[in-house]
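Down below is the structure, laid out as structure tokens.
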Amino acid sequence: MASKAFSSLLLFTILLRPFLSQGTSRNPNDKKASPFDFLKHLQGCHKGDNVTGIYELKDYLKKFGYLNYSHAKNQTHANVDDFDELLEPKWPASKYSLTYGFLPGTPSQARSPVAKAFQTWAANTHFTFSRARDDTKADIKVSFNSRDHGDGSPFDGPGGTLAHAFAPTNGRFHYDADEKWSVGAIPNAFDLETVALHEIGHLLGLGHSSIQGAIMFPSIAPGGTKGLHKDDIDGIKVLYNV
């Protein structure tokens, strides 16, 4: 079964990707109500579907500059209820070699686990990742933040949301600085590399998976580690048609 990025898209998250993020939580029941919950009736939509209500969303997003059909192959898609290519978050073919960087305040112990997570994704996908010469100009920027940090998705302190990342091509990846982090499996702490694997999946365009063994499963327990699952790898292959 493929990851929800293409088999069961959370449409409200994907359409509003410039200012909404997806992340990992300690408990799947910790998710708080969202002002965009009204869009959940569109869950299950994916590219090629025709679903009542998508036209209104496109119109809204066009008005605020989040969608531009002026250069689209089929401009009539702007006026119909088709889930088309502009609604699917992924990196363009010209950006399969991505750079990453660490913003000020990132603990030194986090850098190696995050780098290993990028290497793991590179070994299993068509992407390559390298450290940017200038961290502030990287395609993907990793940082540690607390509470309200200006991206519209404030952290909640210890417990709850551990980290979040934005869908392509935003490139922001934030850890909650108030969590207890570890390198490897340490009781009552969260493995930096495991969480990075999950968030990189979001950065590449994957949504959450219902398969518990997948790295894209929405929650992680403290004191353990986790790697990529076939579901995660298949998700990227289908999303990018490779």
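From the backbone N, Cα and C atoms, a Cβ is placed for every residue, glycine too.
From the candidate list His126, His164, the residue TrEMBL records in the Zn(2+) 1 site shared with His149, Asp151, His174 is His164. Asp151 (Zn(2+) 1 binding site) falls within neither a helix nor a strand when secondary structure is assigned with DSSP, and so counts as coil.
Model confidence over the domain 'Peptidase metallopeptidase' (87-242) stands at 96, taken as the mean pLDDT rounded to a whole number. DSSP assigns His208 (Zn(2+) 2 binding site) to coil in the three-state reduction, placing it in neither a helix nor a strand.
For the recorded site, His198 (Zn(2+) 2 binding site), the DSSP three-state label reads helix. Using Cα positions, the member of the recorded positions Asp139, Gly157, Asp176, Glu199 nearest to His208 (Zn(2+) 2 binding site) is identified as Glu199.
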